[in-house]
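Residues or ranges marked as S-adenosyl-L-methionine binding site in Swiss-Prot (evidence: similarity to another entry): 87, 114, 115, 116, 135, 140, 163, 164, 181. The substrate binding site annotation in Swiss-Prot covers 279, and the record cites similarity to another entry as its basis. For 2, the entry in Swiss-Prot reads N-acetylserine, with the evidence type similarity to another entry. Residues annotated as phosphoserine in Swiss-Prot: 264. Annotated region 'Substrate' per Swiss-Prot: 35-42, 85-89, 110-117, 180-183, 205-212, in sequence order.
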């Protein structure tokens, strides 16, 4: 099993996502002889998981069932153990697009945190790209290395344990893109410039507060970055339904027309009241050659 390449059968050591019902999932490490307790009963790894195809519907001990899903960065994001606050797929999708990530890209990232963005970046740059991710907290860095090893992603990622604001990314002029998710990104802008290739590259920073954005933009302009832009992603859910409106009364002179016409149903989309709130601002910039 790899987050980069799909495999059909579940093997010992794989990470599997158990779908327990609407909106309820859990990630498990498949181990021979192990058991997982769910609200539907016990799931025995040796009998119920190992050797079965991903996507199987598995009956638990109490008669309920779960679906065993192949892991993806998106599923991992909603099931990972939180060591820090994380970014979710809505923001990650825009980051991936605006940084122009593709197979073969080299990316520098800080901080690693819980690895939510890291998994998505690795999936985007594999099989010929690489991620250099920097985490100053030793225990979080060690845990990230362990997870990358378990998910068979180690060949595409190098974890550096250092303060990016003081020591940079550990590489110079190799990156096609840089992503920062740290409290003071403006202090690392100079290191981001040095990490990007001489011929240029893309920059992105995530910040919850507009004051952080202002200081980051000032630092970006001072270091020579161009095409600065800041975006906020706020998804809006729409309720789509079929509506039939009554025909208007056009008076006695139009009685025959009214009697011969039926109300035409049409589909209408109205925004739902519930909407996702503010997560943060995404600031993008470009290092141009020269």
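Cβ coordinates are placed from backbone N, Cα and C, and glycine is handled just like the others.
Overlay of Swiss-Prot feature records on the structure.
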residue: 2; record: N-acetylserine; CB count, 10 Å: 18
residue: 87; record: S-adenosyl-L-methionine binding site; CB count, 10 Å: 20
residue: 115; record: S-adenosyl-L-methionine binding site; CB count, 10 Å: 30
residue: 135; record: S-adenosyl-L-methionine binding site; CB count, 10 Å: 27
residue: 163; record: S-adenosyl-L-methionine binding site; CB count, 10 Å: 16
residue: 181; record: S-adenosyl-L-methionine binding site; CB count, 10 Å: 23
residue: 264; record: phosphoserine; CB count, 10 Å: 8
residue: 279; record: substrate binding site; CB count, 10 Å: 16
Residue from 2, 264, 279 whose C-alpha is spatially nearest that of residue 181 (S-adenosyl-L-methionine binding site), among the recorded positions: 279
Longest CA-CA distance among 87, 114, 115, 116, 135, 140, 163, 164, 181, per record bound to S-adenosyl-L-methionine, angstrom: 21
Spatially closest candidate among 87, 115, 135, 163, 264, the listed recorded positions, to residue 2 (N-acetylserine) (Cα to Cα): 115
Rounded mean pLDDT for the residues that make up the region 'Substrate' (205-212): 98
The region 'Substrate' (85-89) - residue tally per DSSP class, helix then strand then coil: 1 helix, 0 strand, 4 coil
Per DSSP, three-state class assigned to residue 135 (S-adenosyl-L-methionine binding site): coil
Mapped DSSP class for residue 181 (S-adenosyl-L-methionine binding site), helix or strand or coil: coil
